[in-house]
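Taken from Swiss-Prot as is:
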BINDING   37, 203, 290  3'-hydroxyechinenone binding site
DOMAIN    18-169  domain 'OCP N-terminal'
């Protein structure tokens with residue numbers, strides 16, 4: 001029976017993803033807008049004690065600058081309302097603009113808002129604000145998970161804000177400029193204990209070099225990529241857009257893996273290692289598994305990227 005994207009998702013079923021992440025995000029979305037904003041603020045303050053967040057580059061922020069300045073010029077009450085509108089996914093011009101941005105621009109926008117709050121330029125969370133019992137329980141959960149999981153929770157919480165893109169009709173996606181690939185002389189080839197497959201090694205090397213055109217050439221025409229806690233992205237065009245919008249300047253540090261032949265001439269390969277993002281650099285390495293299914297032509301038919309469970313989660317199983 002030939003593989004489908006759906007059946008491919010079940011390769012290496014023993015892989016233990018960080019279930020605490022989607023569970024925490026689901027609980028977060030049930031909170032009031034005020035509690036969501038306060039929780040993000042308190043969580044960032046908490047993270048700031050142990051994690052250094054890198055300032056977004058100017059190229060990222062040029063697209064958000066007008067919106068940020070618009071919010072700065074509002075009254076404190078209007079500023080609070082604008083942020084609540086984002087959390088409530090209200091249909092406003094700011095929420096529509098926000099919805100069109102790539103995840104990195106959204107993250108940069110919230111970074112700048114946090115800086116403005118610190119400087120007193122934007123209405124902060126009211127002094128003495130008390131989180132609801134549910135929000136406080138979520139904050140305690142976030143405090144107890146590892147840094148890579150904290151980042152993923154907070155990222156997904158803010159990325160999903162703004163007006164629902166499915167209701168926008170046709171709209172212009174806004175993403176930061178694509179950085180040029182690294183020169184060949186500057187690239188360092190990865191080595192993975194237990195894996196010598198050229199497609200997998202090139203996948204890692206090309207992604208580390210921001211060489212997205214050569215990266216996408218490794219995929220089958222009907223291939224798919226499944227980001228952590230998301231549905232598969234199918235087709236080369238959609239996958240290439242994902243790489244360009246969400247994977248610039250990542251540092252993949254694969255460590256070891258296993259390769260197994262499977263039915264119909266396909267090969268399944270699992271690699272584990274770490275990924276560092278430009279937002280947090282070497283401060284935080286997210287524990288990742290890559291689950292590849294390669295077709296008989298050695299092209300990527302499917303790859304799932306899993307944020308792995310922490311040692312603490314594994315002990316609780």
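Cβ from N, Cα, C; glycine included.
Location within the structure of each feature annotated in Swiss-Prot.
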residue: 37; record: 3'-hydroxyechinenone binding site; Cβ within 10 Å: 20
residue: 203; record: 3'-hydroxyechinenone binding site; Cβ within 10 Å: 24
residue: 290; record: 3'-hydroxyechinenone binding site; Cβ within 10 Å: 22
Three-state secondary structure, which DSSP defines for residue 203 (3'-hydroxyechinenone binding site): helix
